[in-house]
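What follows is a single structure, written as structure tokens, with notes after it.
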Amino acid sequence: MDLYLPVANLSVNALVIVLLGGGVGFLSGMFGVGGGFLTTPLLMFYGIPPTVAAASAATQVTGASVSGAMAYLERDGVDLRMGTVLVVGGLIGSLIGAGLFELLTAWGQIDTVISILYVAMLGSVGTIMAREAWGALRLMKAGLPPPARKRRHHPMVANLPLRWRFYRSGLYISPLAPLLLGVGVGVLTMLLGVGGGFIMVPAMVYLLGMGTQVVVGTSLFQILFVTIATTMVHAMTTGAVDLVLAGLLLLGSVTGAQVGARFAQSVRPEYLRLLLAVIVLLVALRMAVDLFIRPDEIYTVQ
Amino acid sequence: MRAAAALLLWCAALLVPASASAADPRLVPDVSSRAIDIQYSFTGEELLLFGAILYPGQRLPDDRADIVVVLKGPVRPIILREKRRIAGIWINADSIRLRTSPGFYAIGSSRPIDQIVDERTAAIFELGLSNLSMSPTGFSEAKTLERFEGGLIDLYRRQGLFYQNPKAVEISEGVLYRARIPVPARVPVGNYRAETYLISKGRVIAVASRDVEIRKAGFERFVALAAERHGFLYGLTAVLLSVGLGYAASAVFRRR
């Protein structure tokens with residue numbers, strides 16, 4: 001079934017887009033990632049202009065994270081205080097990102113910067129996650145009990161001034177650490193159309209040392225509000241949000257997110273993390289290969 | 001824009017031999033639709049350009065006349081970028097600005113253009129993809145320019161935005177002609193001009209044109225306009241839609 005996208009100015013197969021949204025939504029519910037890191041490249045691969053892809057993916061991530069965040073809120077799996085600090089950082093970051101977006105577009109290097117950022121971020125995050133998950137699995141197979149998790153944050157975080165108590169996360173740290181983390185992820189949301197969960201989740205675990213039971217929920221909470229902000233910024237600056245495209249993606253992803261959140265309860269977290277690491281690495285690899293081989297289109301019109 | 005096109009056509013008319021008088025043939029062109037509406041299921045359309053050649057005294061000339069039809073979309077300024085391999089990776093290197101690049105250009109003829117007219121005439125009337133004048137700005141060598149224009153033509157041809165078919169025009173009984181021009185889904189909206197040229201012995205002996213409007217209609221028009229003019233409300237709608245759908249799904253699944 002073909003449907004015309006009024007902002008992207010082309011027609012797409014509606015079913016393909018809904019299924020794409022569904023698959024991404026499933027992952028987002030399962031891992032607490034927004035799934036934008038898959039939506040944006042896949043839409044671009046389908047032939048949607050990069051700006052429209054990034055802007056509409058942000059809108060779709062909002063929908064996917066609402067149902068996910070609600071599911072976790074019900075289970076008391078969100079640290080609201082931590083989430084708020086992250087959101088404030090994210091808002092600052094999305095404004096910085098909007099400025100960068102304009103600058104890079106005028107310079108003509110936005111595509112390359114997006115690709116390199118994807119490869120660097122996904123590659124490093126994926127490698128860390130894979131190593132960690134693989135180690136945990138080996139211990140499990142050997143019948144050894146997993147080592148008592150060191151609930152300690154990074155020394156850099158410990159050295160920051162001003163300390164707040166984050167009860168749900170079981171932390172007593174400076175709010176500056178999550179604030180800066182929020183800013184960084186906000187910039188990425190604006191530039192790449194990603195929620196940033198794939199960075200947020202490991203950063204919360206390995207940098208801040210948050211308790212695992214609130215990591216995914218808090219990440220979804222942050223993603224929800226930051227993607228709302230970026231949708232607004234995109235609508236008011238680039239005008240690249242395609243409502244029809246976002247609607248199709250949403251139809252699939254909100255259902256997928258619910259299924260994914262339920263599915264996550266029945267699988268060992270070690271397997272989940274390894275699977276996410278593999279997916280992240282595959283996307284990174286694909287983007288890296290695209291940088292080095294001759295692209296299909298040498299010429300682009302702006 | 002329309003005035004500029006009219007001026008161009010008027011100039012073109014001047015180039016038609018001065019002997020133009022009641023003794024010259026006339027073209028009566030038409031198009032299958034004066035307006036193409038882009039709506040939800042739009043996947044492209046085929047525009048039929050047809051018409052009649054009126055010879056004075058209804059006498060057919062001895063030698064064969066050719067028909068060339070051109071459907072041209074609105075021109076706009078673009079920046080064309082070229083990727084090159086630098087330090088192993090492919091990034092945008094050179095770029096040129098083209099001030100009058102048409103967003104759509106289709107040409108159909110009864111024979112290959114180079115068999116109908118000489119290069120000079122083709123250039124004057126902008127017949128053929130390689131004869132489009134796109135007004136590049138800034139200094140660049142002719143060779144560079146040629147490479148870029150070749151790149152753009154290749155890109156747009158594959159997207160269906162540029163189209164050239166030397167067999168598109170069918171002339172029946174020497175007086176009726178028809179040509180089908182495919183219009184792809186990603187066609188830009190705006191005022192189009194369908195031009196018909198009657199060419200005999202390498203000279204353009206009659207020119208006529210019709211306007212075609214390609215526009216978004218209904219819901220699609222509403223959405224595109226809202227995105228353009230009311231960014232804040234549009235963004236708010238997008239947010240409400242996504243939050244609403246997310247909430248609805250959450251509520252539905254909780255009940256189970």
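The backbone N, Cα and C atoms fix where each Cβ goes, glycine too.
Keep in mind it's a predicted model, so treat the numbers as computed, not measured.
Residues or ranges marked as transmembrane segment in TrEMBL: A:12-33, A:53-73, A:85-107, A:113-130, A:171-199, A:205-228, A:240-259, A:271-293.
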Residues from the same chain, set at least six apart from the ends of the transmembrane segment (A:53-73), whose C-beta lies under 8 A from its own: 21, 24-25, 28-29, 32, 34-36, 39-40, 43-44, 114, 189, 191-195, 216-217, 220-221, 223-224, 227-228, 230-231, 234-235, 238, 240-242, 245-246, 249-250, 253-254, 256-258, 260-261
Of A:85-107, A:113-130, A:205-228, A:240-259, A:271-293, whichever stretch has the most CB pairs under 8 A to the transmembrane segment (A:171-199): A:85-107
Spatial neighbours of the transmembrane segment (A:85-107) far in sequence, C-beta under 8 Å, 6+ residues away: 113, 175, 178-191, 200, 218, 221-222, 225-226, 229-230, 233, 237-238, 302
Outside the transmembrane segment (A:240-259), six or more residues from its ends: residues with CB under 8 Å to it: 3-8, 12, 14, 17-29, 35, 39, 43, 48-49, 51-52, 54-60, 63-68, 71, 231, 234
Long-range environment of the transmembrane segment (A:113-130) - Cβ separation under 8 angstroms, sequence gap at least 6: 37, 41, 50, 54, 104, 188, 191-192, 198-199, 202, 206, 273-274, 276-278, 280-281, 283-284, 287-288, 290-291
Residues from the same chain, set at least six apart from the ends of the transmembrane segment (A:271-293), whose C-beta lies under 8 A from its own: 27, 30-31, 33, 37-38, 41, 112, 115-116, 118-119, 121-123, 125-127, 129-130, 132-134, 136-137, 198, 264
